[in-house]
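Lifted from Swiss-Prot, the feature list:
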type: BINDING; residues: Thr81, Pro82, Ala83, Gly84, Glu85, Gly86, Lys87, Thr88; note: ATP binding site
Amino acid sequence: MSTEANKPRGNQHQEAKSDAEIAQAAFMRPIVDVAAEKLGIAAEHLAPYGHYKAKIDLNYLSSLDSRPDGKLVLVTAISPTPAGEGKTTTTVGLTDALNHIGKKAVACLREPSLGPCFGVKGGAAGGGYAQVVPMEDINLHFTGDFHAIGAANNLLAALIDNHVYWGNELGIDPRRIGWRRAVDMNDRALRSIVSSLGGVSNGYPREDGFDITVASEVMAIFCLATDLDDLQRRLGNIIVGHTKDRKPIRASELSAAGSMAVLLKDAIAPNLVQTLEHNPAFIHGGPFANIAHGCNSVIATRAALKLSDYVVTEAGFGADLGAEKFFDIKCRKAGLSPSAVVIVATVRALKMHGGVAKDALKTENVEAVQKGFANLERHIQNVRKFGVPVVVGVNKFSADTDAEFQMLHDLCAKMGVPCVSSDHWANGGAGAADLAHEVVKLVEGGSADFKPLYPEDMPLWDKLRTIATEIYGASDITADAAVRKRFDELQKEGFGHLPICVAKTQYSFSTDANLRGAPSGHVIPVRDLRLSAGAEFVVAICGDIMTMPGLPKVPAANAIRLASNGTIAGLF
């Protein structure tokens with residue numbers, strides 16, 4: 001084994017400035033060494049993708065079932081702002097910090113989508129000295145999982161149109177085909193299209209469209225399936241459309257599930273990479289947090305729990321969306337029980353919630369921190385409703401003042417919640433050691449008594465109303481007669497036991513993206529109700545849903561380039 005493995009990073013902190021420079025300057029250990037030394041996994045149970053990425057054999061993971069589970073820690077955040085919060089960075093930094101203080105910890109993250117990488121968001125591998133690597137690979141094709149998911153999605157679409165072309169034995173109504181094609185790219189031109197043009201030999205023309213791969217139900221199924229059998233069962237349960245008599249048509253009736261599962265058989269094995277400090281990270285799956293549940297795969301999470309003492313994972317957007325779905329969908333369905341929650345906040349984001357413009361965030365404003373705390377306070381109250389202890393993790397920025405942090409600390413103290421400042425972006429795991437100690441204290445305190453927000457047998461309408469009033473601070477929900485009828489239909493058809501997945505803006509507790517802070521007394525309008533029978537949840541659409549994003553006027557792709565030596569510049 002190379003002695004390079006144990007060398008410190010030296011003065012990389014001074015030499016490298018951007019996230020990309022830090023990642024490219026990092027020394028990576030062979031992933032087989034990380035797996036062996038950190039997780040006890042022999043090389044024979046790995047399928048390497050080069051030197052620094054690998055998939056873990058599902059049969060090996062099945063052999064771990066008798067092992068006790070480690071402790072599950074969720075990292076969530078306040079409502080997102082343009083100022084940024086750093087949820088992924090904190091997830092990675094906390095994982096490194098737990099290892100730094102002597103705990104055996106693993107990170108569990110979602111895979112980034114190509115669309116946002118080339119659009120406006122950039123990469124999603126953490127930041128500063130709290131990153132997962134190889135950063136470029138993770139942000140681009142990685143191990144090909146998303147391509148496999150897109151292929152499975154589009155195979156089903158092809159089988160639907162092929163069935164209609166060759167006589168339509170099932171009587172599928174072309175006007176009621178709900179299954180759309182998918183591509184992992186931001187491309188607004190594909191949102192609504194007309195397919196099968198060009199003559200009789202090309203099929204029956206109809207309105208169609210594309211979703212970005214991370215919005216596909218196949219992605220949600222991929223992340224909620226517990227094994228290959230469950231994956232194939234769920235794929236078969238997908239409802240692709242209806243007959244003229246409104247009878248649902250499932251993928252199993254098209255004999256599609258087997259072929260779709262075959263396309264996913266390698267992808268479903270979890271991916272293993274490493275942090276900058278050579279700690280293991282599972283990165284697997286990546287559903288949208290609005291149209292789906294916004295969490296990494298159940299298979300990866302379960303594997304990590306069998307292989308470590310602490311598993312640090314994250315859920316998309318703020319705690320009102322990501323954490324609620326993590327608890328009510330992922331944990332409920334997978335039998336997971338979290339031991340602690342970290343709510344990530346920044347002083348500057350709280351100031352934005354307090355009414356400060358982005359260009360004025362560097363000016364001290366203690367009053368705005370106090371006012372913006374209402375948003376964090378609501379999230380703390382919400383997480384407590386699930387019976388899980390909370391710590392507030394504050395990402396430090398150079399413009400933060402002592403007075404501003406003291407105000408935040410005092411407000412948290414009044415709620416009986418620990419508030420810990422971290423600078424893992426600048427100092428890696430050592431910079432989050434205090435946060436790690438606080439998380440261990442919460443976990444070992446044994447106060448967690450996890451329970452979902454609502455029981456399975458509660459009617460669908462009441463489930464959604466419970467989420468709206470208990471989590472969003474709304475006074476009620478409202479829907480027109482057609483949507484109310486859809487609630488009743490799903491209830492009568494036997495889907496009333498499924499959890500609700502709310503699709504709404506991530507920027508506010510309301511459906512108005514511009515309403516920051518902690519609004520209350522508003523009414524949540526329900527525009528539509530969609531059944532994801534394979535993923536086994538009901539999507540309540542409470543705002544404009546964008547399942548195929550577009551590129552901005554100046555996309556991130558314009559700044560990305562490839563050097564003659566193969567180095568990528570401008571990705572992150």
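Each residue, glycine too, has its Cβ placed from N, Cα and C.
Every protein chain shown contributes to the tally, and the Cβ of Pro82 (ATP binding site) ends up with 10 other Cβ atoms within 10 Å. Of all Cβ atoms in the protein chains displayed, 27 besides its own lie within 10 Å of the Cβ of Gly86 (ATP binding site). Taking Cβ-Cβ distances under 8 Å and a sequence separation of 6 or more, the neighbours of Gly84 (ATP binding site) in its chain are Thr346, Ala349. Neighbours of Lys87 (ATP binding site), defined as other CB atoms within 10 A of its CB across all chains, total 27. Of all Cβ atoms in the shown protein chains, 17 besides its own fall within 10 Å of the Cβ of Ala83 (ATP binding site). In this view, Glu85 (ATP binding site) is surrounded by 25 other Cβ atoms within 10 Å of its Cβ, with every protein chain counted.
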